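Pulled from TrEMBL:
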type     : residues                                                                           : note
ACT_SITE : D407                                                                               : active site, 4-aspartylphosphate intermediate
BINDING  : D407, K408, T409, E505, F546, K569, R602, T682, G683, D684, R846, K852, N875, D876 : ATP binding site
DOMAIN   : 35-97                                                                              : domain 'P-type ATPase N-terminal'
DOMAIN   : 898-1147                                                                           : domain 'P-type ATPase C-terminal'
TRANSMEM : 69-86                                                                              : transmembrane segment
TRANSMEM : 293-313                                                                            : transmembrane segment
TRANSMEM : 342-365                                                                            : transmembrane segment
TRANSMEM : 961-981                                                                            : transmembrane segment
TRANSMEM : 1006-1029                                                                          : transmembrane segment
TRANSMEM : 1049-1069                                                                          : transmembrane segment
TRANSMEM : 1076-1100                                                                          : transmembrane segment
TRANSMEM : 1120-1144                                                                          : transmembrane segment
Amino acid sequence: MGSLAYREDLEEEKDSAFTWELEANSRDNSQFKEKSFLCWQRRKHKSNVIHTAKYNVFSFLPLNLYEQFHRVSNLYFLFIIILQGLPEISTLPWFTLFVPLICLLVIRATRDLVDDIGRHRSDRIINNRPCQTLVGKSFLWRKWEDLYVGDVVCLHKDNIVPADLLLLASTEPSSLCYVETADIDGETNLKFRQAPPVTHHELTSIRKMASFQGKVVCEEPNSRLHHFVGCLEWNGRKHPLDIGNVLLRGCKVRNTDTCYGLVIYAGFDTKIMRNCGKIHPKRSRIDRLLNRLVALIFLSLVLISVALSLGFWSKVKEFKAKHHYVSPRHVQSVAAETFLTFWGFFILLSVMVPMAMFIMVEFIYLGNSMFINWDVHMYYAPQDVPAKARSTSLNDQLGQVGYVFSDKTGTLTQNVMTFKKCCIAGIVYDTESEAGSRLRAGNPYLWNKFADGKFPYRNAELLRAVRGRTDEAVREFWRLLAICHTVMVQEKDHQPVYQAASPDEEALVTAARNFGYVFVARTQDSITVMELGDKRVYQVLAMMDFNSMRKRMSVLVRNPEGAIYLYTKGADVVIFERLSKKGMTEWTTEEALASFAEETLRTLCLAYKRVDEDTYEEWRQRHREASLRLQNRAHALHQVYEEMEKGLQLLGATAIEDRLQDGVCDTIQCLKQGNIKVWVLTGDKQETAVNIGFACQLLSENMLILEEKEITRILEAYWGSNDGLLAGQGLLQSRFLQQTKVAMVINGEFLDQLLLSLRKEPRALVRDEDVDVDVEEAWQERGERTTDFLRAQRVSLTWRTLGIQLRGTGLGPRVKDSGARDGPEVRRERAFVELAARCQAVICCRVTPKQKALIVALVKKYQRAVTLAIGDGANDVNMIKTADVGVGLAGPEGMQAVQNSDYALAQFCFLKRLLLVHGRWSYVRVCKFLRYFVYKTLASMMAQVWFAFYSGFTAQPLYEGWFLALFNLLFSTLPVLYIGLFEQDVSAERSLELPQLYIAGQKDELFNYWVFLQALAHGTATSLVNFFVTLWVSHDSAGPTSFSDYQSFSVVVALSSLLSITMEAILIIKYWTVLSVLAIFLSFCFYVVVTWGCQSFWLFQISPENFPFLYADRNVLSHPSILLVILLNVSLNTLPTLALRVIYQALEKPRPKEVEEAPSEDITAVEPAPYLRRESRRRRSSYAFSHREGYAELITQGTILRRAPGVDNDMLMGQIIPCHEELSPSIQESPRCSRKMSLLGKTGHQHRGKVSSRDGGRAARRPHPRLPAELAVRGVPGDVAGGAGGVTVVEGEGAGAVGVPPPPSSPRTRGARCPPWGDCPCPGRAQWRPRRRGSPSPPPDPRRAVTRPASHPPAGLRGLPRGTRLHVPFCC
């Protein structure tokens, strides 16, 4: 089809049916089968075995031969060998081509076998990874390959998820599980997944898991990473499942001791493997060009053979009449002899496509690959990783790359966040230099027992200000960093260990920790900070979470003195809009932010304000009303947050460095100077990607950055022009793209809308509610998302109108009816690619692995350029496979990218040397080699054609048979092999200094059809000189000094050809070494030795027919006059060529230096176009924060908070996991690290204040001694008073005494495991009794009920104000 996007939509549509069924703890899923072929059936569920290799023991030979004979040259040689086996038409021995062909096939098969053995080895490593599988009633160690759909597995911290799992339970509160998905989508922040409530409450032991018989019904395996829909059928009830309940293969478990999952997709059915794509054989441009040239030469040989055969037909009768003594040899008819003569000429001229050239190309590719492996400049010592060419057939392609598609996380960056600078009250505190730090002996943080010894930031002046306790701004600055966050804390070896959702937050909290403001514990409604040794507990009144729309986070707290403060951190563009005033401090801070942005640091602004009690009470009332709304609740809460976050006082700004890999900026600049366009394709957020774009100098301040709205307007104008496509192209070129530098920043969602197939429009435009991605309008409800839908629909309607206009004006594609509908799609894709190709930089954010591959495929399809993809994770595998050249980085994310790549590097900066040095050298060498080989073949073999005119068109060879057989193998091999392996036009240092030299490869200047025709003409001219000058000199001559006989004439022409092509090699070699001189000398030595042996009397006696040229060379070379003829031929061939090259170089204009310069002010001042008008800011915001929304709600609900020690459930208390005896001890040793008692558990759930009972007694807010301690932490969701603590636990309600346990007669059928919102089997089930403070208490319950919170209140009761009491019986 014409549209790549349409094919992707068809695949997704096919996988949308809910026909995937599996049963837990059951491998006997024989009923789940699908029809394979005719009546045969196969298992529907695949095993977890991964096979990325192309061959196995049985398929290697037939499949490899099938692939090799897809090359036109191999088919040509096989055809010639078959003809040579026929005695009637054979002019050369059959083995002269058969043996070289076998050698060529063996060399290529060996290369493919070595590459495939590497894939088998990597597959074996992955398939043999250990994991714990539930077998019977215990977990045993098994290999990944032994997993099947329906198995229950156990994972621990830092384990890699072996298959797509349904999370059943975990040791975290509410069965949360934290995962790192950098290897899947490139995002550095942690994501949380949660088990369904039913499995969280019911599967509380291994015994219960072993008896678990649930059935999962879900969608068929597909490639949508952020989408999953299914249901769990268990005990007669159905429970919904979404992507939030699924752990994807390739994720890494973080901050979670143990979790349990059910395998739902295994092996190639997993989502990440569905995104990996298939292995396609890659061939270089020159290889494809050679195939076409072989076909062209084949046709030329057929025409030449036909012409010579016609000459034989016209001459044969005359020949018989004049030479009657040979007439008995012509016993067949003229037509039959002409037919046989045709094949004789075809075999004789078949050497025009020399087998030796293809054999030597393989050695050249292998040699250049070894040079890459041996390059010490691409060796990375810290990890002991050298560069490795995993493919040996794409080296010349490295010299023609036009587009580089790069991942961000782990490829451009180190994924390490470092606190670099800060600005407090207008004063910038920079990192001290290493020399200054060495002058101050010791660690400056030794006074702080909680300090992190690895913290790199040092500033003595700021440390004095902190310890002096006199600067209010400094104290509030660090207090804000210690309070305003969603970090969780644990204790390990009496030190706090932070668990952050993003590396940014961890860096900020660690910075506050080292400066004495140590975050030590948190509960639902409090946070404890150790401030310079003083323990202070702040009551959390509300948490206003971060999202991509708000670009800020706020915490409303009450300090121990009773004052209320609002602490806010976020992007400068939103913080400065909410400041109460703008004075000198604000201006200096803004200047500091500008300097931070120039240094490409990631910045956050910090602000606070004090809130009086009356203002808070009024705001709390509005917040409660917004929380209770049933429609547009998120929007209402957003407006309430806006009211509070006004009138702020600026404290300062932080600057965090997302550290780039060494040499990234210089590498990108060199690539851009070499006319190589770098596109960044990442799954991370737009702010982070744009910040990295500026950091690596891919983007610059004077660039016009096109985003979604501008792109849509440009494309509307592009297609809305009255003059059609050509006018649109002129519009793009003249109006703005050549007036200023342009960059494009798009996201995956917009890409889907832009490349949307017309027939798939409704399904793709409706946003799925369950997709686990950051939504730009995060606070919008279902009804308000109509705006986004309409905006997307307008884009699609533009394209639909486009299709109608094109068809109406006759400009649509003229294709058959079956493909007529694809015309507008193809034009739409081409328009987008053309616009993107004219931009200096393109950044694609939030793209899936399949979208990455789609972008690469679109550029390959419409730009006809060589593409290179580089990445380090599994999410880059599809892109690496799709690109013409794939480069994998051996990074911390694993080896998946390396295992599927063509070249493996350790750092991104080595890409510069790989392309500009090795790639360009390989391209120059291969092109010179091919041009010279074509020339020398024509120069020597075209004489056969001229000789046919003087031999009666009898297909008699001009040269000796052994000269023909060994000419390309020995006599002229070494010089051309030296050119292909060692030739250098400039040194490596010069290649890096002049990246503009690389442009010649992108334009195919060194070998193309024109260069081929030049070599053809040059070789033909050389053959004409050698043959006809020799013929002219020897004409009508006789005697001892004459060489008019057949053998002498053959020797003179052969020597003239050999010396002429050797002189040509001497002229074109630019890199002279001892090896080059030795190669030329050995070539002459081979000729002398072989000729002396073949023309010796001893071999002549043995086989006169095979060695007929007895002493022919000795007789010719013994006469000086004949030597003068040879010298004349060589001079006539060399001197004109040398003169033409000197004249051409003198007249050739130097290539303009294509250095990217900033446009002048006059150009940028031109009004570009009305559709490009956009607001410009004086200063660029360098805000970037890799945080995910939702953690604040988990904290205020208590869902994320850990239980107190000693009250874990029975599953986690006494679990002993036996190890499988078959595995090695190294695999068996995987002990669970016992969790230390957290600081949270030590401090407990501290409540402040008292509650009056009906009779005036006081009830302390503390956990009931008989209730599970976890209930003292849990509460209703954060919608209740913005996370103010949910409902309170009040003991002794009514007439009961405080803290008295229930009487023994109280029924307790399920105890603490009774589901709070399910059907309680106890008499008098739990009753919700919302009651405000001061309202009369209900009558005392005869069963001494205790009000307490619960983990999951009904949806209708969410949003109740703080202090609401819930009546729950003791039995629950």
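Cβ coordinates are placed from backbone N, Cα and C, and glycine is handled just like the others.
For the transmembrane segment (1006-1029), the list of distant contacts is 286, 289, 293, 923-924, 926-928, 930-932, 934-943, 946-947, 1000, 1053, 1056-1057, 1060-1061, 1125, 1128-1129, 1132-1133, 1137: same-chain residues at least six beyond its ends, Cβ to Cβ under 8 Å. Spatially, the transmembrane segment (1120-1144) is adjacent to the transmembrane segment (1049-1069); three or more Cβ-Cβ distances between them are under 8 Å for residues at least 6 apart in sequence. A Cβ distance under 8 Å defines the sequence-distant neighbours of the transmembrane segment (1076-1100), meaning residues of its chain 6+ beyond its ends; these are 960, 962-963, 966, 970-975, 977-978, 982, 1058, 1062, 1065-1066, 1069, 1106-1114. Taking only the Cα positions, the spacing between D407 (active site, 4-aspartylphosphate intermediate) and R602 (ATP binding site) is 19 angstrom. Residue density at R602 (ATP binding site): 25 other Cβ atoms are found within 10 A of its Cβ, drawing on all protein chains shown. Neighbour density for D407 (active site, 4-aspartylphosphate intermediate): within 10 A of its CB lie 29 other CB atoms from the protein chains shown.
Mean pLDDT across the domain 'P-type ATPase N-terminal' (35-97) comes to 79 in this model.
The Cβ of R846 (ATP binding site) has 24 other Cβ atoms within 10 Å, all protein chains considered.
Local packing around the Cβ, expressed as the count of other Cβ atoms within 10 angstroms, is greatest for N875 among the binding-site residues T409, N875.
Site extent for ATP: the farthest pair of Cα atoms among D407, K408, T409, E505, F546, K569, R602, T682, G683, D684, R846, K852, N875, D876 sits 34 Å apart. All protein chains considered, the CB of G683 (ATP binding site) has 29 other CB atoms within 10 Å. All chains included, 27 other C-beta atoms sit within 10 angstroms of the C-beta of F546 (ATP binding site).
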